[in-house]
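Trainee: I am attaching a structure below and will ask some questions about it afterwards.
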Amino acid sequence: MGSKIALGILLVLLLCRTSEQVSDGTSEQEQRAWELHVMVKTLECQLRYAGTYEPNKTDLCNATFDNITCWPPSPAGVLVHMPCPAELRGHRYDTTDNVTKLCRSNGTWARIADYGSCHEIVAIKNETENALSRRWHFKAALLLNDIGHSVSLVCLSIALILFLYLKSIRCTRNNIHLNLILTFILKNTTWFIMKSVVTERHTSNDWVCRTVVTLFNYFKVTNFFWMFVEGLYLYIMIAHAYGTEKVKFWIYILIGWCIPIVLVLIWAVVKLLLQNDQCWIADGGSSYLTTSSSTVPRFSYSWRIVSSLEISWSFWYRNSKRTLPERPGTTA
């Protein structure tokens, strides 16, 4: 009991001395502060197990502190396991891992403990700051997304009203513009509906949710197909100056509104048979808020690129044949 009190008094004195050294803050005192820290931890370790065992026995290793871990008194010939330190010199470690040290058969500890299985983890402060930063950026991206869709929807609605009201400008070209604007409006409107119906984790899989997602994909595909119709009409108007009136408008309707129905129906059947879960949005675990919700829009991107390249090539080829002068000396 007396030794325990003496150790306690010495520990208090060392703690006071350590606080003085640390508060000094100079680089010369850092090493001395660390040495005092080790002495304090050593006394704490001995004080923790004082009176619980008989020291200096050959069949028992005494309690000891190896500058990192306090090892309890242990039987000789045993490999002792202790949790990795939670923190060491500003670095955090995973305490679910273990550090080992051998208590030799003669009652002495091995000189070095095995800390090889201890892994450093990110400090809680940095981890929290990173999580908050990611959350803030995600919310900001969602807000900008909503603002962009809203502004686009308002402007498109005004344009649609003007096209419908000004009957004097009705023609095939403007009717194509009107249908393209309508696909944008329907796509943006369905996007807002889908955002309110579909949960973030896509846990819902009822028919309402799947119907909204299917409609969103359909309007998204029609949007790209009406872009193709715009390019097709422009191609016919330039390459065949008098051929635009020969193409009936119902053909453009068929391309812009009917072909996407076939593609989306095929996609819906495949989803129903092979991946009928998570509201038909699951695609590599990505969220509908940040990525495409299905492979149909991706196909539309490819269709748009191929069509644009084909039309551009046709324009260049035909115009080059019309404008290139004949070489001097050539005859017909």
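Note: Cβ is positioned from N, Cα and C throughout, glycine not excepted.
Grabbed the feature section from TrEMBL, which reads as follows:
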| type | residues | note |
| --- | --- | --- |
| DOMAIN | 44-122 | domain 'G-protein coupled receptors family 2 profile 1' |
| DOMAIN | 141-289 | domain 'G-protein coupled receptors family 2 profile 2' |
| SIGNAL | 1-21 | signal peptide |
| TRANSMEM | 147-166 | transmembrane segment |
| TRANSMEM | 178-198 | transmembrane segment |
| TRANSMEM | 224-242 | transmembrane segment |
| TRANSMEM | 249-270 | transmembrane segment |
Trainee: Could you tell me how many residues in the domain 'G-protein coupled receptors family 2 profile 1' (44-122) are helical, how many are strand and how many are coil under DSSP?
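Mentor: Across the domain 'G-protein coupled receptors family 2 profile 1' (44-122), DSSP assigns the residues as follows: 6 helix, 29 strand, 44 coil.
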Trainee: Can you count helix, strand and coil residues in the domain 'G-protein coupled receptors family 2 profile 2' (141-289) using DSSP?
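Mentor: Summed over the domain 'G-protein coupled receptors family 2 profile 2' (141-289), the classes give 119 helix, 0 strand, 30 coil.
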